[in-house]
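Colleague: Have a look at this one.
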Amino acid sequence: MSCSKDKFIRVWDLETQHCLQIVGGHRSEIWSMDVDPSERFLVSGSADPELQVFRIRQSVEEGEDWSKWDVLKLFGEIPRQSKERVANVRFNRDGSLVVCQVAGKTADIYRVLDETEAARKAKRRVSRKKEKASAKSMIAEENGTIIDPLPVQNLQNPTVIVTDVFKLFQVLRASKKICSITFSPSNPPRGCLATLSLSLNNNMLETYSVDKEKVSKMYSVEMHGHRSDIRSVSLNSEDNLLMSTSHNAVKIWNPSTGECLRTIDSGYGLSSAFVGNRYALVGTKSGTLEIMDIASGSLTEAIEAHAGSIRSIVPIPDEDGTVGARGFVTGSADHDVKFWEYQLVQKSDNDSKQLTVTNVRTLKMTEDVLAVSISPEGKHIAVALLDCHVKVFHMDTLKPSLNLYGHKLPVLCMDISSDGALLVTGSADKNLKIWGMDFGDCHRSIFAHSDSVMDVKFVYRTHYMFSVGKDRTMKYWDADKFELLLTLEGHHAEVWCLTLSSRGDFVVTGSHDRSIRRWDRTEEQLFIEEEKEKRLEETFEADLENDNDYRYGQKDDAPDEGSVGVPGRKTKETVTSADAIMDALDTAEEELKRINQHKMEEQITAKAAKFQPNVIMQGHSPSDYVLNVVSSIRPNDLEQALLALPFSDALKLMSYLKEWSLVPSKVELVCRVCLVLLQTHHNQLTATPAARSLLTELKDILYCRVKECKDTIGFNLAAMDHIKVRGPFFSLKFELLDILVTSSADVCYVPMF
């Protein structure tokens with residue numbers, strides 16, 4: 001079974017791969033459906049105010065009121081409680097419950113009664129109806145009118161309707177909007193009918209127990225993941241602690257196990273950094289610098305550091321390149337770059353010393369500061385501004401060293417290599433630029449992502465780098481050869497940030513999809529040529545999907561209601577098939593010219609040379625050669641391959657259809673080819689005089705050939721029905737029954753006796 005936005009449910013035969021039944025009834029798009037485990041009922045949901053329930057045919061002999069080919073039959077409609085559209089319909093393990101989740105905060109749970117309970121409920125319904133009818137008849141007799149009594153058959157054997165089987169049981173109301181819902185596949189606890197799990201749109205998981213009286217929450221997963229975007233991630237110097245920030249919380253993780261160690265309330269954190277293994281710094285959107293104690297999981301101090309959002313927190317490295325205790329630098333949207341130093345202060349005699357920071361220097365800029373980076377030796381500091389420029393200063397004197405410009409949109413991220421030789425910048429213009437730190441020359445500008453580049457980092461002691469962007473991908477680059485080594489996909493939304501381990505053996509990324517992903521380096525060898533070839537194939541496939549040049553009609557020509565579009569899509573195989581058809585047509589045309597030329601030479605000279613056929617055609621005639629090429633194409637790719645043919649080649653192909661239609665096994669293929677070419681090139685065919693005579697001949701020939709196939713199939717079906725009815729008598733009378741199989745339709749042609 002399949003449902004679609006076309007408001008239909010379709011039943012498919014997996015063996016013949018054909019649609020057996022098309023079921024209508026819904027007035028809007030169908031979003032979900034499910035079948036109970038015993039395969040008695042199918043329930044479908046849409047934006048209609050009711051669920052539709054269908055009975056599933058169990059066997060061919062079931063019921064006389066079933067049509068010959070029907071598999072589904074409408075059983076009835078169940079009114080829903082909510083007015084929002086249906087998002088999910090699910091049966092539980094034993095089929096006794098069905099839940100209908102809407103695109104909101106509620107889910108309706110229905111009880112599915114067995115046949116005995118449903119019959120008992122139907123009798124009660126009919127008896128109540130009888131009591132009401134008798135009461136009305138008494139009132140009517142007093143008024144002098146007569147009311148027809150209920151039929152006796154309905155009273156004794158009442159017909160079970162959908163409301164007798166499906167009964168509204170409970171209504172579940174969640175705290176947030178429900179994204180998806182499922183029943184537990186394991187056995188429920190004692191005294192509980194089922195266990196139901198929900199995923200909410202705030203990244204929470206909740207599990208409810210469904211019993212006879214109420215639906216109660218059993219447990220929920222609340223503290224592990226973030227409730228919103230992960231805007232920054234950072235690792236400590238030993239790579240055993242990971243910090244991530246979001247709109248209202250900071251979380252400390254174990255990057256090896258993925259376990260959340262601490263959750264600390266904070267402001268909207270845009271940047272973060274570790275101070276050793278005990279303290280952490282968080283820069284917020286409001287301009288507050290928060291100092292947190294990791295061991296106790298508490299906020300020790302909040303400093304009003306800037307008047308705008310703090311976009312970068314960069315520790316100042318020691319002269320040997322290691323992160324020391326010299327301090328850190330913050331860059332903000334208030335045009336300031338501030339230098340800070342650490343201090344340990346004891347607030348009272350009983351308290352232990354706590355970390356605090358003091359501002360020692362301030363570098364005033366003319367634009368908003370979007371990113372800050374410091375060279376590993378601490379000699380230079382690079383500042384990216386809103387005016388698309390990157391300014392490099394000397395750390396000791398804060399005098400300008402370089403002014404880098406070339407990006408068309410603001411630089412959002414940057415990093416300096418561990419040897420201090422290269423600076424890479426990532427911008428909203430989707431480009432990465434690699435600069436030399438000695439003279440400030442641009443080594444290469446790379447179109448890196450299909451959307452803004454959000455973060456970039458060098459691997460320690462190498463010129464390899466990772467970049468992430470809004471196109472949901474992370475890419476691995478060689479900054480010396482300017483080559484893309486790997487494209488890593490996995491996130492479902494924009495990737496905001498990344499951090500690298502000190503040894504470069506793993507990468508951590510944070511995304512808009514509220515997930516933190518760890519990427520580990522493997523021992524598998526990387527072959528750049530294979531990766532290039534794979535990317536070219538993916539680009540080719542993407543271009544084919546976006547290509548609208550070859551379609552049945554113009555882009556605005558939508559199919560009529562109830563009709564379908566082209567089955568399949570254009571792929572590399574379909575384009576290859578189209579090229580094979582065009583090559584075959586050209587080869588056959590050249591062969592026909594050679595044959596005609598040889599005939600003319602025979603007429604002119606009596607002793608002409610013997611004709612040598614083309615070796616490529618393998619002894620076939622031009623028509624048979626083209627027919628073999630077309631027949632070798634997979635049926636799923638044939639339509640798309642024919643759509644890619646230009647009109648001149650389509651006209652050549654149609655000239656062979658008259659001869660091909662004389663082959664009984666190729667009538668179906670000829671009809672498919674003719675139909676696709678007519679639909680694709682109808683306007684040009686009707687306007688071409690040479691094609692009119694061809695279409696007229698095909699009209700008469702194909703009609704007769706299709707009628708012969710139809711008569712053969714009808715005769716075969718009648719014979720099979722006759723054998724089905726008289727099968728035992730035939731087996732007694734005849735010892736041998738000759739069955740002839742027609743090759744066109746794969747059905748038996750049985751002689752009648």
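A Cβ is built for glycine as well, from the same backbone N, Cα and C atoms used for every other residue.
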Colleague: Which one of these stretches, 64-85, 548-569, shows up in TrEMBL as region 'Disordered'?
Modeller: 548-569
Colleague: Any idea which of 102-129, 494-521, 578-605 is down as coiled coil in TrEMBL?
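Modeller: Result: 578-605 is the stretch TrEMBL calls coiled coil.
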Colleague: Are there 3 or more C-beta pairs under 8 Å linking the repeat 'WD' (1-22) with the repeat 'WD' (223-263), counting only pairs at least 6 apart in sequence?
Modeller: no
